[in-house]
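Data block below; observations after.
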């Protein structure tokens, strides 16, 4: 047995892990199907309209995501086709992430990446991967964004490969969050290619231009304005009473709160991995204190509980610290929104915001130090991705659709956190420590798999 194990190369072991992951994804997808609500609406869309007529109508009254809507209407008609295609898209997404991370030759990192899908809170992952309508709006755009990013990582790609990334960029940028993330990251990489390597080509600029046009057609669509009117007139009329500072606070509260939410093991493991890297590399007390702070932040709900349920301040802090951990429904998300007058004068709300802000900054500084010597990341890319994940949630939190979309708005933040977790894991100096981190994650991933299957 030992001799057989020694014959398996690291690359082959990583491939075996990935194949197992694909089989698990396919098995879960096969338990999913049409759900009431949007799935049924899209399935029945072609009963009295043609595809072009329906998409054009949606573009005028509700949504600028014309490509995503067209794909949804066409694909939702066949559950079997969707199961196969969403498995393929999930495989594409995690395959591209594995390539960018270099996990194809690191079985432990590959295992953590694959397990990461099931570490994401089930209430976040379900609408992004396992809900038919949601998958076209979240998992698919992110997978194609990963493809569109390839020329900026491999500028020596042939022209045909460049051309294949153009439709991927168009579809990805048909989603506001993904489009802004993709174009922002491409801009940074384009500047790097131009100034440091002199390898920026016209095809890079063309892809960014095409993606920008796709994003602009969404942002300036009549349906986007119409939806804004519905949100601010009927659903959240108090939104128009907030000034810009309150809207920014609302967005950051949502993003910072999710970093340290009780149902978010991805960022918890990221904080633990950063603590391990810093503790084993540095003896500087300040560096170690900054690494310990985020881990302590996850104990905030426990600390509030230990203070005693009889203390009003502790109870209030406990409630806020658990917000918005995996609970669905608009009322739950509104509970600690600053737009409600009672919350605006709640001291515990601002104390929790301060703690989460400090913890988030500490993670960003830890990423800067942990990956500074990795040529794949450089000094600034990891903190930039961390900031991008925070901003992807915050910009939804600043909008009137703040609490109407549900927990799926955290999907992109969690996926970027997962990428950073896998990157930091490699920096742990001892293989035994990396194994310990993975073994901590696997039981949690098992719970996530059970939850995904139970959602059928």
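Backbone N, Cα and C atoms are what each Cβ position is placed from, and that goes for glycine too.
Pulled from TrEMBL, these are the features on record:
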| type | residues | note |
| --- | --- | --- |
| TRANSMEM | 81-101 | transmembrane segment |
| TRANSMEM | 135-153 | transmembrane segment |
| TRANSMEM | 202-221 | transmembrane segment |
| TRANSMEM | 255-280 | transmembrane segment |
| TRANSMEM | 289-308 | transmembrane segment |
| TRANSMEM | 349-368 | transmembrane segment |
| TRANSMEM | 380-403 | transmembrane segment |
| TRANSMEM | 409-428 | transmembrane segment |
| TRANSMEM | 435-453 | transmembrane segment |
Cβ pairs under 8 Å between the transmembrane segment (435-453) and the transmembrane segment (255-280), at least three: yes
Closest-packing stretch to the transmembrane segment (135-153), where packing means Cβ pairs under 8 Å, from 81-101, 202-221, 380-403: 81-101
Contact call for the transmembrane segment (81-101) against the transmembrane segment (409-428), three or more Cβ pairs under 8 Å: yes
For the transmembrane segment (255-280), sequence-distant contacts whose Cβ falls under 8 Å of one of its Cβ atoms, 6 or more beyond its ends: 116, 119-121, 123, 287-288, 290-292, 294-295, 297-298, 300-301, 320-326, 352-353, 355-357, 359-360, 363, 366-367, 369-370, 389-391, 393-394, 397, 410, 413-414, 417-418, 420-421, 424-425, 427-430, 433, 437, 440-441, 444
Same-chain residues at least 6 beyond the ends of the transmembrane segment (409-428) whose Cβ lies under 8 Å from its Cβ atoms: 97, 100-103, 106, 108-109, 112-113, 116-117, 119-121, 124-125, 127-128, 138, 142, 177-178, 181, 254-255, 258-259, 264, 266-267, 269-270, 273-274, 276-277, 280, 367, 370-371, 374, 376-377, 382, 385-386, 388-390, 392-393, 396-397, 434, 437-438
